[in-house]
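Below: the structure, in structure tokens.
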Amino acid sequence: MAPRDSAEPLPPLSPQAWAWSGKFLAMGALAGFSVLSLLTYGYLCWGQDLEEEGSLKAQVDERPEAGTAGTSQPHLIFILADDQGFRDVGYHGSEIKTPTLDKLAAEGVKLENYYVQPICTPSRSQFITGKYQIHTGLQHSIIRPTQPNCLPLDNATLPQKLKEVGYSTHMVGKWHLGFYRKDCMPTKRGFDTFFGSLLGSGDYYTHYKCDSPGVCGYDLYENDNAAWDYDNGIYSTQMYTQRVQQILATHDPTKPLFLYVAYQAVHSPLQAPGRYFEHYRSIININRRRYAAMLSCLDEAIHNVTLALKRYGFYNNSIIIYSSDNGGQPTAGGSNWPLRGSKGTYWEGGIRAVGFVHSPLLKNKGTVCKELVHITDWYPTLISLAEGQIDEDIQLDGYDIWETISEGLRSPRVDILHNIDPIYTKAKNGSWAAGYGIWNTAIQSAIRVQHWKLLTGNPGYSDWVPPQAFSNLGPNRWHNERITLSTGKSIWLFNITADPYERVDLSSRYPGIVKKLLRRLSQFNKTAVPVRYPPKDPRSNPRLNGGVWGPWYKEENKKKKSNKTKAKKMQKKKSKARMRKQLAAHSSIKCHPSVATG
């Protein structure tokens, strides 16, 4: 499905600029490549030890797959990791061991030009609606636990569309798309079953979350009710995997299945079972060590999900998609090296994600896709694979990219609106003048058109954070890799193809390109809906809801309130009518001539 309008073609970077950028990149990134090569060697050595020790034990028996005849529609398995950094996978050179992810990706299609959003709610909303944030009103930040806000109810969700063509739809894991009303819950947005958390984070064992002092509650749900039976200290990654196995064990593989598994890992708080620390004692940075253990547990979980797909007869007709929801957070153990920036920013480190597709149904297995892909593309792609229909009047921002992935064809996508956030205007020096009268550069925005990427406003923390496993590089950053944003700057231009690490700002060199991208931003902004970011509601406090985070907005209260309002209006009308009668009565009395009237 095409976006609302097409982008203007932009000229390529000149050969001289390519050469100039290449020299700059070579000097700045050489050390990074040597580090990556060392880590790759260490990972390969560890992989041999892993096979010998058998430390990743399956929780289900590996046995030949049963027949799966009976449906031409594939089973769709979407696995979403939380806060996994771009570098935090073995095949990107990480020191963290991810043999399952490496194997699945190597046998499938690696997505090496794949983009998501910089934080949780936006990525999840775009996956489930196929629309940019500016078209759902979720442009600003995330949905907070105490906000009366959720994914707009007038947006048809992916599971709703899949149910129309006969799919059973199940969600396991983190929702984070709002819950203040019952209509906002996953089971009301297209999922037959839901087992997971409603908030953005929480304790992995107790499943409790405090949003602020005194505002704490339990956050684990079975469909529409608190899952108190699981208040027993089970680590969420393992608990969610067990639920996935149960779903697969009880579902008929001849009937199409959509399974959305949104793991809590590797989001903070940094917690993991003790045995996963075994191979990471040498990592000095404690947050990195804990993060590594969490990621190893996640890798094992996906291993067990894959085995269950095979055991219960789903695998041969399944399409498995793996994605992170945003970049890693270096202060919480994640790494996006050698990309610039982190989670919460519009630099490449915040929005370029780990992603791959694994399936026996792929035509080009064992390949790398470098075509432009965005998280909104999964919506039309999966509906098309499911033999579903998208209404012509629904304007999506995603494209069907299955042929791009499976057959290696060119991507239909030429641009990505990373976001326009009119509320976030922290760039003190931004102005209309800086945007050539086309755009107010105080506004945080980012757009990609072909090779070019433009950022305005304050894009967020902009450092390159090196691998934290190496203590000699310093506790926080490698000083040679740090660049401080220029004072007064509110606009940047990069050629991402030539300069994927965003080291060479070309905004002053190519003002014509800047103007074209600013016009494109302006075009997108004309289609934006108002931002939905309401103030917190004190009724959301779990203490008022049995100690549980959950829907607090009661429809019956609304009716009572409306009835009271009507009664008050009637009283006012009666009162006004009485006053009018009294005034009329007084006006009919004639004044005595000797009585002064003025």
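A Cβ is built for glycine as well, from the same backbone N, Cα and C atoms used for every other residue.
These come from Swiss-Prot:
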- Cys120: active site, nucleophile (ACT_SITE)
- His176: active site (ACT_SITE)
- Asp82, Asp83, Cys120, Asp325, Asn326: Ca(2+) binding site (BINDING)
- 559-583: compositional bias 'Basic residues' (COMPBIAS)
- Asn155: N-linked glycosylation site (CARBOHYD)
- Asn304: N-linked glycosylation site (CARBOHYD)
- Asn316: N-linked glycosylation site (CARBOHYD)
- Asn429: N-linked glycosylation site (CARBOHYD)
- Asn495: N-linked glycosylation site (CARBOHYD)
- Asn525: N-linked glycosylation site (CARBOHYD)
- Asn563: N-linked glycosylation site (CARBOHYD)
- Cys120: 3-oxoalanine (Cys) (MOD_RES)
- 532-598: region 'Disordered' (REGION)
- 1-47: signal peptide (SIGNAL)
Taking only the Cα atoms, work out how far Asp325 (Ca(2+) binding site) lies from Asn525 (N-linked glycosylation site), in Å, as a whole number.
24
If you measure Asn155 (N-linked glycosylation site) to His176 (active site) at Cα, how many Å is it?
16
Other Cβ atoms within 10 Å is the metric here; tell me which of the glycosylation sites Asn155, Asn495, Asn525 scores highest.
Asn495
Which of the listed recorded positions (Asn304, Asn326, Asn429) has the least company, meaning the fewest other Cβ atoms within 10 Å of its Cβ?
Asn429
Taking the centroid of the Cβ atoms of Asp82, Asp83, Cys120, Asp325, Asn326 as the Ca(2+) site, which other residues of that chain lie with their Cβ within 8 Å of it, listed in sequence order?
Leu80, Ala81, Gln84, Ile119, Ser123, His267, Ser324, Lys343
Collapsed DSSP category at Cys120 (active site, nucleophile):
helix
Cα-to-Cα gap, Asn429 (N-linked glycosylation site) vs Asn525 (N-linked glycosylation site), nearest whole Å
21
With DSSP assignments reduced to helix, strand and coil, which class does His176 (active site) get?
coil
Take the C-alpha atoms of Asn495 (N-linked glycosylation site) and Asn304 (N-linked glycosylation site) and report the distance between them in angstrom, rounded.
41
C-beta crowding around Asn316 (N-linked glycosylation site), within 10 angstroms:
18
Mapped DSSP class for Asp82 (Ca(2+) binding site), helix or strand or coil
coil
Asn429 (N-linked glycosylation site) -> DSSP, reduced to three states, gives coil
With H, G and I counted as helix, E and B as strand and the rest as coil, say where DSSP puts Asn326 (Ca(2+) binding site).
coil
Within 10 Å of Asp83 (Ca(2+) binding site), Cα to Cα, which of the recorded positions Cys120, His176, Asn304, Asn316, Asn525 are there?
Cys120
Min neighbour Cβ count (10 Å) across binding-site residues Asp82, Asp325 flags Asp82
His176 (active site) to Asn525 (N-linked glycosylation site), Cα to Cα, whole Å, comes out at 25
